[in-house]
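For A:7-26, A:79-98, A:110-133, A:154-176, A:182-200, A:229-253, A:265-286, A:298-321, the entry in TrEMBL reads transmembrane segment.
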Amino acid sequence: MNDALDVALRLLVVFVVFLTFPLIVGQTEHKVMAHMQGRLGPMYAGGFHGWAQLIADGVKFAQKEDVVPAGADRRVFQLAPAVALLPYLLVLLAIPIGPSEGAVGQVLDAGVFFVLAVMGVGVLGSLMAGWASANKFSLLGGLRTAAQLLAYELPMLLAAASVAMAAGTVSLPGILHAFHWWWVPWQIVGAVVFFVAGLAELQRPPFDMPVADSEIIFGAYTEYTGLRFALFLLSEYAGIVVLCGLTTVLFLGGWHGPWGADGLGWVWTLLKAAILAFVVIWLRVTYPRLREDQLQKLSWTLLVPLSLAQIALTGIVKVVIS
Amino acid sequence: MRLASSLNPAAAQHGFLSPTGVEIAFLLVGLVTFGAALVTVTTRQLVHAALWLVVALGGLAVEYLLLTAEFIAWVQVLIYVGSVVVLLLFGLMLTKAPIGRSPDADSGNRWAALTVAVAAAVALVWVVVDAFRATWIDLDGPPAGTTRVTGESLFRHWVLPFEALSVLLLAALVGAIVLSRKATADADASGPTAGPTAGAAAGPGATSGPKATADTPVARPGEKEGAR
């Protein structure tokens, strides 16, 4: 009974995090973007600086009619948002935010593989949406999504493999237990590659070619309305939370900080992830969109060689110090 | 793998094929996987076949999990669901992916294919059973199937086949690049329309047609597969 309660409590906490953190990132994005562009952003909903804007948006989405195009493949079309969203919920289960046993949803032996594998599944949702919409712009968006995933999953995996080599384990808490501060400069190239490739996998600007609204309307999500569209948006923000959490855990030392290691480790994790989320928003405001061929070129000619060099460096240092 | 499950401690207590929870789950997931695989090869809707393949491959991953082979399970999801099926869908969308039934999505070779499939399955089951009939599993050490145990057996006992396989994959990678380069050169020689498939898929989106062909997406999947 106690075990069941424990599992239920963990699932509940992860679910609440899954529901709230993406909204916090979304609201931060509204505000940060507005201030970077010299305007105010949402100010009215909820009274204080428009804090309830996203709730209002959610209510609006829920009230809209759920339209399925006549020529669409109904079942695949309706299933796609769930396939896009659920993987991020599963990934959140495996991300540790503190050193204790209670600060992670579930300790997984092959945690790095689990998170990368399940994150890759989420892209299937965009592909399904792109195909099932019976719309040429959606199909183009789906194609671009697939090409982007294939290009950027490899450097992401290689960068994560470098950290796993350094730590001698593929368990996420295990990597953090093996962490020392000098890993940050040692793995910095891998960190940048991982973060950039992750941004591309989430299709965030400057890698938002699959949803480029000035060219293909909204890519794979063009035909979606109402709640299903909101679910796709939510999956993007959940993806930001997951990516920032993972980068923190793998490359920035997670719960390790200059002080307050006992009991306050989770503050460090959240702080680092929040700074990374700010960087994600910052990049959106400041960088223009990459063209499709530039996207591919960046991955195959820059990120893959860099991540391979990082793995070589990791191997050399590892052999020298052991 | 199947033998490993029948030898694990729970099964040893209850005897062969007694209905413990794990075994029931294993059977049910197996049925779902088998059903999804059947639909994959019988459905007339091309993209649905690819999506049912996701279910079948995911079901296999769950079976690995139930056999405590956690590492293999996640690699299965990463490589097959996350990459191979995405590649398949990419190929389908790039060429022709009609919504609804394709009347021509059928083969006259179905009986030959069925014979080959059954023969391959029998051969595989026989070889696996024969190879591992006398294998003993050490229950005192760390559980078989964890990353550490898998890595040790792979890089201590089986390192030569592993390296031979990577050379094979490298050969496939080089071959894919050579073939795609040759095709592009031939197409350039015959006329300016280098990528009829990409152009057809892009349709009226004429801006992305030339980009997609200049991008040689054909070569990329090969590179990716080989690199793994």
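Quick reminder: no glycine exception, Cβ is built from N, Cα and C everywhere.
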Query raised in the report: Are the transmembrane segment (A:154-176) and the transmembrane segment (A:7-26) close enough that 3 or more Cβ pairs fall under 8 Å, when only pairs 6 or more apart in sequence count?
Result: no
**Report entry** the transmembrane segment (A:182-200) vs the transmembrane segment (A:298-321): 3 or more CB pairs under 8 Å
**Finding:** yes
Query raised in the report: Hey, would you say the transmembrane segment (A:154-176) packs against the transmembrane segment (A:265-286), going by three or more CB pairs under 8 A that are 6+ residues apart?
Result: no
Query raised in the report: the transmembrane segment (A:229-253) and the transmembrane segment (A:265-286): do they have three or more Cβ pairs under 8 Å, with pairs 6 or more apart in sequence?
Result: yes
